[in-house]
Amino acid sequence: MTVKPEGRKMLRIEKKNAESPIEQKPRWIRNQVRTGPGYEDMKSRVTGASLHTVCQEAGCPNIHECWESREATFLIGGDKCTRRCDFCDIATGKPAELDRDEPRRVAENIQEMDLNYTTITGVTRDDLPDEGAWLYAEVVRKIHELNPNTGVENLTPDFSGKPDLLQEVFEARPEVFAHNLETVPRIFKRIRPAFRYERSLDVIRQAHDFGLITKSNLILGMGETAEEIEEALRDLRSAGCDIITITQYLRPGPRFHPIERWVRPEEFVEHSKLAKELGFGGVMSGPLVRSSYRAGRLYVQAMEARGLELPENLKHLAETSQGATAQEASTLLEKYGPSEETPVTTRMAKTPAQSNSVAATIR
């Protein structure tokens, strides 16, 4: 990606961010590629049918593990977002006209890939009267129609917190409704200026009250403290959040918020313990965990925590949710041993021709 955003002027905050060189990663943020028959089969299906997933296009470090479990993520609503968050690489601008055939195509892609579980995420569409609520609901309906054995997670924007718009999305009944809080109250406005902390919590609360399994995400390393992380976890749990993922912020490029701190694996383990003590049914915590990482596994755990049986058509998900997960902090500690506090050091930012940055998190 280039330093200058495509099709618009740099914002003042982007110019300030660009003054800080790109940071060097500590030794524990490394990804070893492991492929198996499930991944190879998925790859051949995707390549042969010219399908597109966020997993490929964002260069996700977890693609091999998730595809091995036949899980994949799709981005809907276009490639431009009407809001800008300081950690997210999705372009901000005026989106293209709504593609009303997209839900059918996504559902057919999932059918072709024979997925066990899929996460649907997308851009915020403040330009539309319903802010994209129909699209997020319709894609779930189409997936369920064509793929009754595929679990669906719907990771949505906040729809301005409007109950009627959220109700439309809820009524499509995804297996999991997700809305990412991302950060703590003190720095929320700086990181997510078009969102509101309390409104995001209320979105989770409304989904919980509707009866859905709910999920959210926290990104660490943007300036928050341990006490503030605990506060956010408590707030989410009080709102009825069932599943939490906790991850390290990785800066997509020079225009984005500088990394304030590398969070050690030991700290991720402590955050995971706290989340479980607070009553989250599904917890995944580690530097390279992403909000859709091993999502089917977390859904199974959340259902068990609620004392609910998996639907007959999704009982196969229990089989794919066994064993260790490569990106969980506890796994990293077993692999690398204890880690030392690593100060944030920088390297020179790449030129546009050299740059190969990808989104740290997709909201």
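Placed from the backbone N, Cα and C atoms, the Cβ positions cover glycine too.
Just one of C66, C81 is listed by Swiss-Prot for the same [4Fe-4S] cluster 1 site as C55, C60, S292, and that one is C66. Feature region 'Disordered', per Swiss-Prot, maps to range 338-363 of the set 26-51, 338-363.
The distance from the Cα of C81 ([4Fe-4S] cluster 2 binding site) to the Cα of C55 ([4Fe-4S] cluster 1 binding site) comes to 19 Å. C81 ([4Fe-4S] cluster 2 binding site) carries a strand DSSP state (E or B).
Taking CA atoms as the reference points, S292 ([4Fe-4S] cluster 1 binding site) and C88 ([4Fe-4S] cluster 2 binding site) are 15 Å apart. Note on the domain 'Radical SAM core' (67-281): mean pLDDT across this stretch is 96.
In three-state terms derived from DSSP, C66 ([4Fe-4S] cluster 1 binding site) belongs to a helical segment.
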